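Below is one structure; the comments refer to it alone.
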Amino acid sequence: MTDTDMPSISSPTASGAPLALIFDLDGTLVHSVPDLTVALNHLLAEHDRPAVAEDDVAFMVGDGARVLVQRAWAHTGAAAAEDDLDGLTERFVAIYETATAGATQPYPGVVATLETLKARGHPLAVCTNKPHGATLKLLEELDLARFFTAVVGGGSTPERKPQAGPVLAVLAEMGVPARGALFIGDSRNDVRAAAAAGVPCACVTYGYPRGPVEALGADRLIDHFDQVLDLVDAGADMDLQKKV
Ligand SMILES: O=C(O)COP(=O)(O)O
Ligand SMILES: [Mg+2]
């Protein structure tokens, strides 16, 4: 993509308020696959199933814990029975919550960029399909919670990404209109959820896109988290309806 064929993103917004930024968590702010893999393999071992590799888990993550467990089961033998999935998911989350930040780290540039954005007065939020409790725990453990005025995790709204519900909940919690926000994610779920809520979406290229990043339909692609500052600084008129 070139600068000319992408909608531009303005800051401050037409109302004069600093652009609000809504971040996906797994694959965007943090590299969490190593800890998710450890927890999944703990659960799989309890059921005499083979272990999964981190590369495989990177293709399973993004639709919440229940789908993650479902995909891990399908990957290691017979699919999980629908009746078993809630119990397996509950156990998985309990295991995962014992070590959400064992090996999980923010991606390069995340902390410094969030510091800069917060200092400039941008409202910041997290919108993830990771279970809400595990999300809060992870953000605390990595000392990231202090940046966010709103955090919406899996289970805290009836819908999950790619539906609009979680994004609309974040906007409501921040008191920001859709046209005053930009979503930063790493997957099609993020692009679709943001679009359904009327929010433009840029995607990082280093996350867990489960396919070619060019096919995600993002308004922008960025290779490094600190380029969020370039998006915010772009300063031209933002045509929200052009792609979303
Ligand atoms: O699927 C998950 O558990 C979380 O994924 P997300 O942070 O990319 O929404
Ligand atoms: Mg993600």
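Cβ atoms are placed via backbone N, Cα and C, with glycine included.
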Further binder of Mg(2+) named by TrEMBL next to ASP24, ASP26, taken from the candidates ASP143, ASP186, ASP219 = ASP186
Whole-number Å only: compute the distance from the Cα of ASP24 (active site, nucleophile) to the Cα of ASP186 (Mg(2+) binding site).
-> 7
Starting from the Cβ centroid of ASP24, ASP26, ASP186, the recorded Mg(2+) site, name every other residue in that chain with its Cβ within 8 Å, sequence order please.
-> LEU25, GLY27, THR28, LEU29, GLY62, THR128, GLY185, SER187, ASP190, VAL204, GLY207, TYR208
Which Cβ among the recorded positions (ASP24, ASP26, ASP186) has the fewest C-beta neighbours inside 10 Å?
-> ASP26
